[in-house]
């Protein structure tokens, strides 16, 4: 078994790719199910038995399954709609290839190693990001997760085929560490491989703007209660508040009822994605956006309700582990990120670290996302060194 | 055959009604096809042979089919998404019941009378309003109409089963007049029945805002090229320009790619519906909106292309006909409307008039649209008097 990066990568590249080059890999739907089959197949080729945790997360084992103090490595298969191919799958492919490299070197691990594929990391289908790792760690109730619906009304429980199992018994003794390799998602990394220091706190808020559906041609401007106006104002307010506070805020998803050219909407629903280096800043930005949106709703004659759909507190990865890895990799740069990851969820319970692979354009969540093959290979070698060092 | 208004109305009320009470009656799809069957059935009960014009418009004849100088009456079955039940169907139901009333009175028409159901009046499926009447009068090329697509990529030609036949040969000698009865769509009518004087010029423009898809969490605010910002600014600019100029402008429909919470969009597509009492005002409003949107795109680093999807010039209904009808109805009020109608399209070719039935709330294109039964019955009696007077 001496697969190269290119062989494995080219094997999954066509799966779920749309004509614009972006990916439509939603959790537990056709292309992602094909990737899960690919995962089982790669594990079988390496004599790595596969278990799942009853939450939709898959584990391929080198050593005792659910033995004590295992070192996990991996990421997720699912994409945002029309996202890039590296965000997630690079960590899983690299996990299998790092195992190959350790075996080639004759390494005999003293702790179990598992390659892991977390389910629904993007929240692209059921709305809650890192759903698989939240379930595994007990950060979300199984019944609540089971009831989450996709855009067609299918629940997560139905897609999974069962109510999720929830928190892994003996989590903190069984999982000794998680090392997640991931493409970097900004332009902050100028060498092939870096180490994560922290993840910004971030969250998603749904803004339901309700107004009064009516005829766009006949309703006098003064008589309108048009929720599209309140939404539009809020989009601009979110952008301004983020810039004023050195945070990130985005309204990138919108649903309109009835969404017809000649009918004033009765409902406009927009989602706010907000992130900042500190929780206090994040809270201030979200509070300011809600305040301004509410004031505008008063002027527009519309109504606003805001629902926090997810919130991820600030993550600081274990400093001694990050320092040890950075030293091992020849003083690799240590840097924070604004992107959420399963490693961030696990970091509240077990030692976690992340390796970042350089992103030359900084583009992610887009068909244009790219990493150079040579950097990916350096990432695999770095991951193998880290896993070898830890086991 | 002595059906009452309530009998006919209750017979069609459940067809295509959604749970919110609004209607999903798209042209040449299931519920509208059921209504077309209902049309053929009502015609058969009255010994009125049905023809179609090869464009999807249906005609039920009392007297010579396509004889000279026929008087048409009717409207359309299709709705905007989640629109009301009166907009369109009231005119068709009233047409059949007016025929019943004339027969009850022993009227013998000297000219053919036809009840007509025009196809795709709202443009809710294929994007061009009054598509059936535009084809009938030659206002759109059959090949162009055939190529229009719905949201699933099905063409109008495919839905129709053939290339449309286009302009009716001998149009102006065969059709002597069209009297369209319609629910009024504002709050301008304070008695049960009124007569239309004019339709405001109006049109639809598609704004394609393109930017740069990227990660909402990691992309610095300064590096973004977010087309949602340009769209949002344009929504507010359109509203402001309409108010400043005494016109109507609405952006009520939007499509976003990829429409994911954590991905800056690569494309936001919004539709502008604009109307004004005079063409000069309408032009000025649309020009100002495009100018301001273009300037903002420059600041946002996005790009804008604008496509005019439809334009309907100002319609002034034939004044002697409107005056004759108003007098016949006991000096009924004569009033303009901002809403487009098939009668407006036909008015460029043959004498046309419209009867409006009072709308107590002024709401239309909404589940809340309503007309009182007593007013609808007055509308039918008025239509019977007008048809009797003309034939």
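Placement of Cβ uses the backbone N, Cα and C atoms for every residue, glycine included.
Caution: TrEMBL annotation is automatic and unverified by curators.
For the Zn(2+) 1 site that TrEMBL gives as A:87, A:182, the extra residue drawn from A:76, A:107 is A:76. Among the candidates A:122, A:141, A:314, A:318, the residue that TrEMBL annotates alongside A:87, A:365 as binding Zn(2+) 2 is A:122.
Listed binding-site residues A:76, A:182, A:262 compared with chain B at a CB cut-off under 8 A give A:262 as the close ones. The number of other CB atoms found within 10 A of the CB of residue A:122 (Zn(2+) 2 binding site), across every protein chain shown, is 26. Calculated from their C-alpha atoms, the gap between residue A:122 (Zn(2+) 2 binding site) and residue A:182 (Zn(2+) 1 binding site) amounts to 13 Å. Less than 8 angstroms from the CB of residue A:76 (Zn(2+) 1 binding site) sit A:88, A:89, A:91, A:92, A:117, A:118, A:119, A:120, A:121, A:122, A:132, A:342, each of them six or more residues away in the same chain.
Residue A:262 (allantoate binding site) sits 33 Å from residue A:365 (Zn(2+) 2 binding site), taking the Cα positions as reference. The Cα atom of residue A:182 (Zn(2+) 1 binding site) lies nearest to that of A:365, taking the binding-site residues A:204, A:275, A:365 as the candidates. The distance from the Cα of residue A:365 (Zn(2+) 2 binding site) to the Cα of residue A:204 (allantoate binding site) comes to 16 Å. In this view, residue A:204 (allantoate binding site) is surrounded by 23 other Cβ atoms within 10 Å of its Cβ, with every protein chain counted. In sequence order, A:79, A:80, A:122, A:182, A:183, A:185, A:364, A:365, A:369 are the residues of the chain that are 6 or more apart from residue A:87 (Zn(2+) 1 binding site) and have a CB within less than 8 Å of its CB.
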